[in-house]
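Step one of this worksheet: look at the structure below.
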């Protein structure tokens, strides 16, 4: 039972990291129907920006977190403006290839500028272990849970309660009609990119602190896992992304716990295939069939 | 650009001269490349950019230092005439296809008589066909996969040598260390599954460890979350953990294991020997950590060659000599030693002499090449406490 609870904690902390990334995927897909493959690399940029501000400007944790969120929001808007906006009316495949291109550009650009070496992240918060009934939780894990939950609540409030949120939902439902109703589509899409990327930036700093190791290719695997989480949860659905991420995180933990560590990634993709076969819209997805 | 032109100019000149030389020795009995003029050209096919650039650059430092040492006293005496060594360095970008084309350029265009590098098993293996075709020997400082010097049929690759002991031996040393020094009875293995390096070492360790292997689990390059693996082995009453892999992942494993409350010794391999390991793991976590390495700055103090090497390295590059530089140095010295023994600059003669290398005093120990073209050498195990290497053991 103890071990089970400990593994559950491990799975949850992994899941909440995926959740922060999956939210970005799901929102961006929801509004412009593209898979933003460079999202994992925005997360990497967030980690590196945090590394920079803490080491050079001597930011504390909260300032570094917000600094990275703002920086990534700007990067996200820039990516949208430079790479996706000119392709707004082109075929999906062109946008998809562009997304992969942006991802490669960011990864290799960072490798050239700052070398591909793994580096240690400045430990601005001293780690403390808490132990209850033989279950260990660190203060950084708690911080990750708390940040993830707070950011998700804020996001949900923005989407459901604000004018911008209504614009986002309208643009997601029918961009043409929304534009006719006087909604600034470009502004709304920029805003979505900013929010999604800010979440990724927060994840970058949290991960840097938690694992104490960052490198330019760090966004690749978590990016793909978060994408799977978004699909499992139902692309476009915010609670879906969170639930999907926790499922993926716990699944990985479970596979390692029962001794199939070599197959943990395979298990994630098997789940993806099963969901796509039997529940193409995901767990919380919009079940309306797409009109062709 | 300027340098490149100059190089090309020299290369063309050399090529022309070699052609002339080839024309002179009309007997045709000697195949392969030979030096002409007063310099012996040695190629360096190295990972200077790309994923393994960190290792490649360290090895290049060692190679340069070796050449400097050889030329300091006028070079190598051949038939009574002293000839200096000149290295021609080309970057293989940690790519197998580039490594192959660099091998071809070095052997056919630059007409080198021997090549040092590539560093990684994959790139070095890709260079073999072109080296063999040109009949020019290749000495890799660090290619550690057991099959590297073997042909597919199990014979030996005639033109392929290495300066580092192969993986099986490293795994065996780790197992012997766990048996005798740590007296471990129950060991868990966490191995890097993304290369032959991790899996090969794990296999060799299992074969030679006398106690029980309670669990063997795998991870991938780039993984950062090992907490589930660690929780799973925590309650298995382990005496030690064996983690063959590179510092980027092993550092995180050490951190997470210590934070989870596992204080058992952690044993790893040469891929951990990097100052970054302690930084990623956190200095206080990097305690009771051991790894096998062909070159230990601590045991090196008993070796005159190594002491000299470390002093020169520090003077030239301003830092303590890393393991990979020591291996780059020894690989170059093996070539120089073979040229001297062969008393010839013909690449085939050098190959024969390389295969007969015996009791050569290197910085990583006394090197003899066995019939599989593997160096026979002792390994060291270094111990870390609070992120610093505090002790070195020589283990057979």
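Cβ coordinates are placed from backbone N, Cα and C, and glycine is handled just like the others.
With a cut-off of 8 Å between Cβ atoms, the residues of this chain six or more beyond the transmembrane segment (A:12-37) that come close are 43, 84, 88, 92, 95-96, 99-100, 102-103, 141, 144-145, 147-149, 151-152, 155, 168, 171-172, 175, 188-189, 192-193, 195-197, 199-200, 202-203, 206-207, 210, 222-223, 225-227, 229-230, 233-238, 240-242, 244-250, 252-253. According to TrEMBL, the transmembrane segment annotation covers A:12-37 (among others).
Listed by sequence, the residues of this chain that lie at least six past the ends of the transmembrane segment (A:57-81) yet keep a Cβ under 8 A from its Cβ atoms are 38, 42-43, 45-47, 49-50, 102, 124-125, 147, 189-190, 193-202, 204-206, 209. Among the features that TrEMBL reports, transmembrane segment is placed at A:57-81 (among others).
What TrEMBL records for A:93-114 (among others) is transmembrane segment.
Note on the transmembrane segment (A:140-159): residues 9, 12-13, 16-17, 19-20, 23, 65, 125, 127, 130, 165, 168-169, 195, 199, 202, 206, 209-210, 238-239, 242 of its chain, located 6 or more positions outside it, place their CB under 8 angstroms from a CB of the stretch. Per TrEMBL, transmembrane segment is recorded for A:140-159 (among others).
What TrEMBL records for A:191-211 (among others) is transmembrane segment.
Annotated transmembrane segment per TrEMBL: A:226-254 (among others), in sequence order. Using a Cβ-Cβ cut-off under 8 Å and counting only residues 6 or more beyond its ends in the same chain, the transmembrane segment (A:226-254) has close neighbours at 7-8, 10-19, 21-27, 29-30, 35, 37, 39-40, 152, 155-156, 159, 172, 264, 267-269, 271-272, 275-276, 281-286.
Annotated transmembrane segment per TrEMBL: A:266-285 (among others), in sequence order.
Note on the transmembrane segment (A:266-285): residues 225, 228, 230-237, 239-240, 243-244, 247-248, 251-252, 255, 260 of its chain, located 6 or more positions outside it, place their CB under 8 angstroms from a CB of the stretch.
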